[in-house]
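> Straight out of TrEMBL:
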type	residues	note
REGION	1-29	region 'Disordered'
BINDING	Cys93, Asp95, His149, Cys152	Zn(2+) binding site
Amino acid sequence: MSRKRSRSNGSTAEDEDLRRQGPAGIETETEQEVLRTAVAGTMDSGQEGNEANFFTHLLENNRSWASKTAIADPTFFPACAKGQAPPVLFLGCADSRVPETTILGCRPGEVFTHRNIANIISNTDVSLLSIAQFAVFHLKVKDILVCGHTSCGGVAASLGNAKMDVLDVWLQPLRMLREKYADEIEGMDTEKRKKFLAEKNVLAGAENLKRIPTVIDAVRERGLEIHGVIYDVATGLLEEIECSEDDVVVKKRVAAFERK
C-alpha cells in the first residue's frame, strides 16, 4: 500500500521525506546541519590543537636550548644580561628562510638586526633610521650588512603588476628600480630578472645608508664599513655585492647630506 498520510498543510509524508532528503545519502536537514557543525568543529579543534602543540613545541625547544647553552657556557646568559655590544648591524628581508644569526654562524648578542619585506632601505622609514642611528651612534657597530636573497617574494611581486594594496606603497622603491633598469631587465629570463633586481636593491639600500648623517660621520671618523650581500636560499651561501664607489661620487653625497 502507498503511504500518503495527509498533513494539515495538504502535503503527504512522501512529500516531506523528499524535502527532507539531503545530498549524498544524508537524510535530513537536521542531519546535514549536525554534520556541518561536526566537521567545522573537527577542523577548528584540529587547527587549534596543531597551533597549541606547535607553540608548546617551541617552548620546549627554548627550554632545551637554554639548558644546553647554560651547561656549555655558564657565563653566557649572565653576560647577555649585562648589555650588548654587537659589532654588526644586519639589514635584511623578513623572509623566514634568512635568519641572520643562523646564516652568519653567530650567537645572541653578536648581530643587531632590522628586517622588513624585501630588505628595503628607505630614507623616509623612521624605524630603519632609528635602528641605524642606535646601532651606529650608540652601539658603535663596525660593519653594516645589507642582505638581499634569492627567491624573494617582494622582488617577484615588484616584477609583476598585480594590485597588492598597502604592499604597493611599500614596494615602490623596488618598482622604481625596475623602471630604472627596464632595458637591462628586458632581455633576461625570470630568474635572472629576480636576482638582478635583488642585487640592485641591495646596492640602492647601501647608497641610502650612506646618506644618513650619522653613517657619514662614522665612515669618516672610525672607518665604519657597509657591505652588500645576497643570500642563496638554495645553497645557504652569501655572495658579496661590490659596494665601492668613486671618490667623486662619495664627495658629492657627503657634501649634500652631512650635518655639522
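Glycine residues also receive a Cβ, built from the backbone N, Cα and C atoms like all the rest.
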> I want the residues beyond Cys93, Asp95, His149, Cys152 whose C-beta is within 8 angstroms of the mean position of the Zn(2+) site's C-beta atoms, in chain order.
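Near the Zn(2+) site, beyond Cys93, Asp95, His149, Cys152, sit Gly92, Ala94, Arg97, Val98, Ala118, Asn119, Gly148, Thr150, Ser151, Gly153, Gly154, Val155, Ala198, Tyr231, Val233.
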> Which of the three DSSP-derived classes (helix, strand, coil) applies to His149 (Zn(2+) binding site)?
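Assignment for His149 (Zn(2+) binding site) reads strand.
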> For His149 (Zn(2+) binding site), what is the tally of other C-beta atoms lying within 10 angstroms of its C-beta?
23
> Under DSSP, is Cys93 (Zn(2+) binding site) helix, strand or coil?
strand
> Just counting, how many other CB atoms are there within 10 A of the CB of Cys152 (Zn(2+) binding site)?
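Cys152 (Zn(2+) binding site): 26 neighbouring Cβ atoms within 10 Å.
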> Of all the binding-site residues given, Cys93, Asp95, which has the fewest Cβ neighbours within 10 Å once its own Cβ is left out?
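Lowest Cβ count within 10 Å among the binding-site residues (Cys93, Asp95) is Asp95.
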